[in-house]
Structure formats: structure tokens, C-alpha cells
Amino acid sequence: MSEHVNKYTEYEARTKAIETLLYERGLITPAAVDRVVSYYENEIGPMGGAKVVAKSWVDPEYRKWLEEDATAAMASLGYAGEQAHQISAVFNDSQTHHVVVCTLCSCYPWPVLGLPPAWYKSMEYRSRVVADPRGVLKRDFGFDIPDEVEVRVWDSSSEIRYIVIPERPAGTDGWSEEELTKLVSRDSMIGVSNALTPQEVIV
């Protein structure tokens with residue numbers, strides 16, 4: 001007797017069931033779904049956010065605009081849409097580190113960060129990072145924040161999304177915006193890591 005093993009999580013199983021039903025009723029096609037996924041992974045994706053961060057590192061006027069009105073500043077670079085109708089940028093520095101969560105569901109600035117990672121949507125992350133952000137960053141991401149640095153948690157919602165602007169790594173003086181984007185990861189813009197160092201990438 002063989003035993004059936006469900007390889008999907010609860011949310012994945014629900015999504016698959018809905019997707020199958022829509023296919024059967026002819027409301028969508030697999031090709032259409034593939035195009036949407038490819039668009040968010042390749043055309044939008046976290047590279048948009050990386051360009052915003054890199055520009056803020058080299059352009060003081062843009063950085064100031066980003067601080068005052070991130071939604072408009074990002075829209076000026078072409079990053080706007082339903083999931084970016086109101087975005088606030090929070091800036092890491094030597095005294096403060098920011099981390100983003102959505103405690104109610106998985107609100108996320110898709111136009112600049114692409115598809116949210118599975119862990120961001122998980123109940124475990126959403127509940128634990130609010131109560132113990134420093135512990136979650138260390139245990140789940142191997143990211144140890146020094147005791148003297150304050151950790152602030154920002155709760156995204158349907159009204160407002162957040163993007164973390166990580167500190168510019170040392171040793172990048174003279175780098176172009178294009179080179180700097182390679183240092184900016186999706187995780188650093190959620191706040192579960194720092195930007196990469198020059199030693200961690202090949203420019």
C-alpha cells in the first residue's frame with residue numbers, strides 16, 4: 001500500500017486548486033500565468049529597488065526626495081502601480097536598523113521588490129519578528145545586529161508599504177550606480193541583511 005505525500009504547503013495547495021479551477025473553466029491559461037510570473041521575476045523584481053537604493057547613495061537630492069516622498073521619487077524612475085500607491089523609505093544608519101513585516105497578510109511593494117519570498121508570507125516570520133526582531137534576524141538569517149544598534153520593525157499594510165534603504169558599504173567610493181546595484185539584495189531592502197560588501201561581489 002502506497003502512502004500519498006502532499007508536497008505543497010496549505011497556501012500552495014489552495015493556490016493550485018484555484019489555479020486548476022480557473023484553467024478548467026477557461027478563464028486563464030498556463031501560458032498567461034507563466035507570463036505574469038516571468039514579468040514579476042524578470043521585468044520588475046528586486047532590481048528596481050536596487051536601482052532606487054543605488055541612486056540614493058550617489059545623488060543627495062534624490063535621497064532627500066526619497067525621504068520626503070518615496071512614492072513620487074520611485075515613480076520618477078518608473079516604479080509605480082497598485083502595490084506601490086503609497087511607499088515609505090526607511091534608512092539604515094550606524095545607530096538604527098530597520099526591518100519590514102506584514103503582520104496581517106503579506107503586503108509588499110511588488111513594483112520595486114518583485115515577488116515576496118515565501119518566508120515573508122509565513123505566519124512564523126510575521127508573528128515572531130515583531131516580538132523578537134533581533135532574535136529572528138540572528139536565528140533565521142544569520143544576521144547579528146550589534147547591541148548598540150536599535151532595531152525598528154515596520155508593519156506594512158494595504159495603506160502603506162515600506163522599503164529599507166541599507167547603508168552604503170565601505171570601499172565603494174567612485175563606483176557607478178550600475179556597479180552599486182549589484183550590492184543591493186532583496187533581503188537588504190526588507191531588512192533581514194545588510195547590502196553586500198565589495199568583497200562579496202564581482203563588479
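Cβ atoms here come from the backbone N, Cα and C positions, even for glycine.
Look at CYS107 (Co(3+) binding site): DSSP puts it in coil. What Swiss-Prot records for CYS102, CYS105, SER106, CYS107 is Co(3+) binding site.
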Cβ within 8 Å of the mean position of the Cβ atoms of CYS102, CYS105, SER106, CYS107: remaining residues of the chain near Co(3+): THR103, LEU104, TYR108, PRO116, LYS121, ARG126, SER156, SER157
Cβ-Cβ neighbours of CYS107 (Co(3+) binding site) (radius 10 Å): 21
